[in-house]
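These features come from Swiss-Prot:
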BINDING   12-13, 32-33, 40-41, 45-47, Val173, 327-333  FAD binding site
BINDING   Arg302  substrate binding site
Amino acid sequence: MSERVVVVGAGVIGLLTARELALAGLRVTLVERGESGREASWAGGGIVSPLYPWRYSPAVTALAHWSQDFYPALGQRLLDETGLDPEVHTVGLYWLDLDDQTEALQWARKHTRPLKEVPIEEAYAAVPGLGAGFQRAVYMSGVANVRNPRLARSLRASLQQFANLELHEQTEVRGWLRDGDRVVGVATSRGEIRGDKVLLAAGAWSGELLKPLGLELPVVPVKGQMILYKCAADFLPRMVLAKGRYAIPRRDGHILIGSTLEHSGFDKTPTDEAQESLRASAAELLPELADMQPVAHWAGLRPGSPEGIPYIGPVPGFDGLWLNTGHYRNGLVLAPASCRLLADLMSGREPIIDPAPYAPAGRL
C-alpha cells in the first residue's frame, strides 16, 4: 500500500502540495485549523512574478520561472476539472522610475525574460489613467495575475476527485506524535492523525508549530495590508508598479492596491494609517482613484524567511518530518514549482530543479 502523508496547512502551498502528492499516488490527509485558503493565500495580490525579480537569489528565480510558465495550464486544468475559474489574467506589468533599471535589464538578458525598456509615452498610452510625472518605464509582457481566493476554491474543489485524499478543516494541530526520533503524526483538536510522513505547510505559523520539537525555523509573520476599488472593467489594462506599491486589475474591474510590510506579530487588524498610505499610493498611480472610496481593506500574514528562500524537503534529525514553507512575499508565485519539487522528492522522482538551495539541512 502507498505511503500516507499528513499535510498540515491548507493555504495554496498546502492545497497544491496535497494535489501533487495525490497525483503521485500517495495517500494524503490534509489538515487545516480553519477554512482552506483563508490566510495569506486569500489576502495577497496574486501577481505571478516577484515584484522585483532581479533582486532575488537564483534559488527564488528558478522556482519563479518554472511556476510562471506552468500557471496558464494549471488555471485551465482547474477550470476544466471544477468549473471554478482561478482567473489567470495575463496583462503584463509596467515598472515605473526604477532605481535599479540597469540591473533589471541585465537580469532580463541573462535569463531571457521579455522585460525591456520602453518610452514613457508607451506606458501612458497603454494605461490612460496613469498619474503624471513618471519619467521611465520597463515592461514585461506575459506577466499574469491570479484571483487568489478563486484559485484556493478551485484547488479545494479539485481535491474532491481524489479517492486517496482526505481534507479535515476546522482541525487545529496541537502537537506532534513521536516514535523515538521519528515524527509519525499530529495531535489535533479532533484527535490523532497518523502518517508515514508529515509535511508542514502552515505559512507564517510554521515556526511556532515547530518550537515544541526544539526547532528554530526562521519564519516569522510579516503583515501586509491591501485596499480594493471597483471601477469599469477596462479602467486599468495593465499592472503598474512604482515605489514598491502596485495596482492590479481583475477582469471585472476590481483594482487591488498594495501592500504594506509590517512586523506586528500575528495581528491581522487593518489600520487607518495603512489605508491612508495605500490610498495615497493609489492616487499617485491612478489619480481617478483619489475621489473614490475603497470597497474593501484587509490584512494578511506572509511567512517571512531569510532572502525569501523557502524550506522544501526533509528535516534532519526528525525522520518523517518535511517542510514546504517560508515563501515570504512569493507563496503564490512559487507554489507550482515548490509543490512539484516537494512531490518529486517525497515520491523518489527526478526533481524538476536542483533541490539543494531549499533543503532544511543546515538552515535550521
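One-based numbering along the chain as shown.
Just so it is clear, glycine is given a Cβ too, placed from its N, Cα and C backbone atoms.
Note that this is a predicted model, so its numbers are computed, not measured.
Structure with Swiss-Prot features highlighted.
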residue	record	DSSP class
Val12	FAD binding site	helix
Arg33	FAD binding site	coil
Gly45	FAD binding site	coil
Val173	FAD binding site	strand
Arg302	substrate binding site	strand
Arg329	FAD binding site	helix
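Spacing of Leu332 (FAD binding site) relative to Arg302 (substrate binding site) is 11 Å (Cα to Cα, whole number).
In sequence order, Gln170, Thr171, Glu172, Val173, Ser189 are the residues near Arg33 (FAD binding site), counting only same-chain partners six or more apart with C-beta under 8 A. The Cβ of Arg329 (FAD binding site) has 24 neighbouring Cβ atoms from other residues within 10 Å, across all protein chains displayed. Around the residue listed as 'substrate binding site', the C-beta neighbours below 8 angstroms that are at least 6 residues distant in the chain are Ala40, Gly44, Gly203, Ala204, Pro221, Val222, Lys223, Gly224, Tyr328, Arg329, Gly331. When the neighbouring Cβ atoms lying within 10 Å are counted for each of the binding-site residues (Val173, Leu332), the highest count belongs to Leu332. For Val12 (FAD binding site), applying a Cβ distance below 8 Å and a minimum sequence separation of six or more within one chain yields Gly37, Ser41, Asn148, Leu151, Ala152, Leu155, Gly331, Leu332, Ala335. In sequence order, Asn145, Asn148, Met226, Tyr246, Ile248, Leu256, Gly258, Ser259 constitute the residues six or more apart from Gly45 (FAD binding site) in its chain with CB-CB distances below 8 Å.
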